[in-house]
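Participant: Structure incoming, see below.
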Amino acid sequence: MSHNTFGHLFRVTTWGESHGAALGCVVDGCPPGIRFTRDEIQAELDKRRPGQSRFVTQRREPDEVKVLSGFVLDEDGETMITTGTPVSMLIENVDQRSKDYGEIARQYRPGHADYTYDVKYGIRDYRGGGRSSARETAARVAAGALARKVVPGMVVRGALVSMGEKSIDRANWNWNFIGDAENPFFTPDPASVPVFTQYLDGIRKAGSSVGAVIEIVADGVPPGLGAPIYAKLDQDIASGLMSINAVKGVEIGNGFEAARITGEQNADEMRIGNDGKPVFLSNNAGGILGGISTGQAIVARFAVKPTSSILTPRKSIDKDGNDVEVMTKGRHDPCVGIRAVPIGEAMVACAIADHYLRHRGQTGKGIGSRE
């Protein structure tokens with residue numbers, strides 16, 4: 001299997017499977033002199049970690065990261081400083097239950113990659129989906145934690161804005177509420193917590209699942225990142241988000257809503273601000289024009305389908321060509337969109353970090369220069 005690497009200068013390779021001994025990533029191209037701590041990497045992984053509420057898989061993985069290479073320790077004994085060589089990180093799997101998957105070793109689960117992996121490779125790891133499992137994304141989150149350090153002043157945040165037929169009230173948006181102990185959904189709307197709780201409890205008790213829409217916002221991104229035609233910043237952000245398990249759609253800025261309004265409504269007008277710098281009067285473009293960042297917040301949303309692993313019996317076939325009925329066992333998320341929030345943040349951070357380095361290398365100018 002090829003294509004386990006993404007990025008051009010900030011290159012991330014992930015490895016490992018759902019029920020293997022471990023998984024991890026190698027980040028090649030991280031500039032020297034980036035200061036970070038293991039705790040900063042761990043904090044991002046903890047946001048994605050399973051088993052933290054009844055609304056996510058009960059697989060108990062501590063996801064403790066080990067940083068193996070690419071750094072020297074500062075005098076404080078905790079701060080790591082990148083040397084410019086590959087940064088390798090490892091996360092052990094400790095709570096696999098491969099026996100839960102014995103019955104589907106030769107059966108194809110509807111909605112999963114079982115059939116397509118078998119068609120392409122002639123072999124598949126049926127234990128939790130192997131490489132196609134969202135377990136792999138823990139490695140991306142680790143890489144994304146490092147990517148956040150590459151672009152000075154950049155802040156990448158994500159939020160769950162809808163779950164199934166339930167949506168947040170954007171008038172209540174509060175970034176500080178995300179991460180609150182009373183908020184298991186990454187919602188920025190405190191009023192949505194009881195709504196999501198009742199809704200997802202009903203879905204979960206019925207043995208079913210539901211999808212979600214996630215919004216990622218990157219502030220502090222300098223203007224000038226990206227390139228026309230085949231190296232657009234929004235193109236690479238969309239590609240990264242589409243690579244996440246269960247993602248079926250991506251939009252930047254107004255996205256599909258832009259097709260429903262007029263040019264007067266959609267085009268972001270400009271003025272010169274009091275400081276002599278350009279100011280946009282709106283951000284329908286999501287911070288990107290012509291594939292190049294404007295300096296505004298970059299806004300992307302992605303749609304996550306309902307988890308295919310449900311308790312309801314489903315019609316399928318097996319490897320021998322027989323009609324079968326499949327009922328999934330094991331531990332699964334009733335809404336995989338919840339834990340997709342930190343994954344989406346990581347993919348956006350990696351894409352922007354990559355374009356930051358590409359811009360710096362290509363133009364020879366300071367970031368955002370208008371010379």
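Using the three backbone atoms N, Cα and C, a Cβ is placed for every residue, glycine included.
This is the feature table in Swiss-Prot:
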BINDING   ARG48, ARG54  NADP(+) binding site
BINDING   ARG131, SER132, SER133, ASN245, ALA246, GLY290, LYS305, PRO306, THR307, SER308, SER309, ARG331  FMN binding site
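Show me how these features fit into the shown structure, please.
Facilitator: Within the same chain, the residues at least 6 positions away from ARG48 (NADP(+) binding site) whose Cβ sits under 8 Å from its Cβ are ASP63, THR137, ALA138, VAL141, ARG339, PRO342, ILE343, listed in sequence order. The DSSP secondary structure for ARG48 (NADP(+) binding site) is helix.
Cβ neighbour count for ALA246 (FMN binding site): 21 (other Cβ atoms within 10 Å of its Cβ, all protein chains included).
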Participant: Can you check which residues sit near SER133 (FMN binding site), meaning Cβ under 8 Å from its Cβ, same chain, 6 or more apart in sequence, and list them in order?
Facilitator: GLU17, SER18, ASN245
Participant: Name the secondary structure element type, per DSSP in three states, that contains ARG131 (FMN binding site).
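Facilitator: Once the DSSP labels are grouped into three classes, ARG131 (FMN binding site) ends up as helix.
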Participant: Using CB atoms and a 10 A radius, I'd like the single residue among the binding-site residues ARG131, LYS305 with the highest neighbour count.
Facilitator: ARG131
Participant: Go through THR307, SER309, the listed binding-site residues, and name the one with the sparsest Cβ surroundings, counting other Cβ atoms within 10 Å.
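Facilitator: Relative to the other binding-site residues in THR307, SER309, SER309 has the fewest Cβ atoms within 10 Å.
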